[in-house]
Amino acid sequence: SAAVDMQPACLGLYCGRTVLSVNGSLETYGQCGVCPRGQRTDDNKICRECVGSPDRYDWLYLGFMAMLPLVLHWFFIEWYSGKKSSSALLQHITALLECGTAVLLTLLASDPAGSLRIRSCPVKKLSDWYTMLYNPSPDYITTVHCTQEAVYPLYTIVFIYYAFCLVLMMLLRPLLVKKVACGLGKSDRFKSIYAALYFFPVLTVLQAVGGGLLYYAFPYIILVLSLVTLAVYMSASEVESFKDLLVRKKRLVVLFSHWLLHAYGIVSISKLDKLEQDLPLLALVPAPALFYLLTAKYTEPSRILSEGGNGH
């Protein structure tokens, strides 16, 4: 019995004892095991209810996960609309309404229900996202299953949001596309919707497997992807000067959208903890586009080839 008394109260990183009853300052605990949803273990291996709120970085992460379907919607709508179709703008607005409504419904459905506030547990380390990998085996034969959502509700709330997005898209978009996409053939009208039926499962698997990695890496992913896509777009659109940007309003919209993404990435990295130091960093937002416009004329392939030919 002495040996038993010397053992830790609860094995494993995420196993804990639930509080069965409270009598004044005296608490009665249950068996060591998995904590109920909405709770996680404290330093004494006791399951405690999540009573905090997401911090600024948590909200930025949730904002990034909310933006992913919207950006993909916009990309595929633009990709499949073609130059003849005048329905792209309406589809873009509909996709924005779908994702915005899904955000509101997700927040209202989360605990506390009916409120835009979220009750959450703090994220302490990467392993909090992958509790299934830390189930203890005291005798190396029997495994004590203590898999839980230690980062409640940052893991599951994304799945709920994707489900709402998918349902709203299936309810609203087909009717809109059928009425306004007259410039497209019958087979092309619904291709942006078919694309969503492919990328939503991909996003779901991405969150299920890489949610914790995305939580720590998303600011850098935003910066890299926005830089690459801006360079590819400006190159494909043959934008080589400020005048080329002003020719079409759509190019300015794309440019400002990328600038917003740059700013979001910078804010996510800095977290704006020290405003006097972090806010000046936002002045770097236009820098990549300006650098591209100033150097594009020197890197034009036809000019390089002609100068190479003259050299020979």
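Backbone N, Cα and C define each Cβ position, glycine as well.
Annotated transmembrane segment per TrEMBL: 59-77 (among others), in sequence order. Within its own chain, the transmembrane segment (59-77) has Cβ neighbours under 8 Å at 88, 91-92, 95-96, 98-99, 103, 154, 157-158, 161-162, 165, 169, 191-192, 195-196, 199-200, 203, 207, 214-215, 218-219, 222, 264, 267-268, 271, counting only residues six or more beyond its boundaries.
The transmembrane segment annotation in TrEMBL covers 89-109 (among others). Sequence-distant contacts of the transmembrane segment (89-109), counting only residues of its own chain at least 6 positions beyond either end whose CB sits under 8 Å from a CB of the stretch, comprise 66, 69-70, 73-74, 77-78, 81, 115-116, 118, 157, 160-161, 164-165, 168-169, 172-173, 176-177, 180-181, 192.
TrEMBL lists 152-172 (among others) with the feature transmembrane segment.
Among residues of the same chain six or more beyond the transmembrane segment (193-214), those with a C-beta under 8 A of the stretch's C-beta atoms are 61, 64-65, 68-69, 72-73, 76, 79-80, 126, 128-130, 151, 154-155, 158-159, 162, 165-166, 169-170, 173-174, 177, 221. Here TrEMBL flags 193-214 (among others) as transmembrane segment.
Residues annotated as transmembrane segment in TrEMBL: 220-239 (among others).
The feature transmembrane segment is assigned by TrEMBL to 251-267 (among others).
The transmembrane segment annotation in TrEMBL covers 279-296 (among others). Same-chain neighbours of the transmembrane segment (279-296): 227, 230-231, 234, 239-242, 245, 255, 258-259, 262-263, 266-267, 270, 272, counting only residues six or more beyond its ends whose CB sits under 8 Å from a CB of the stretch.
Beyond the ends of the transmembrane segment (251-267), by six or more residues, the same chain brings 60, 63-64, 219-220, 222-223, 225-227, 229-230, 233, 237, 239, 244-245, 278, 281-282, 284-286, 288-289 to within a C-beta distance below 8 angstroms of the stretch.
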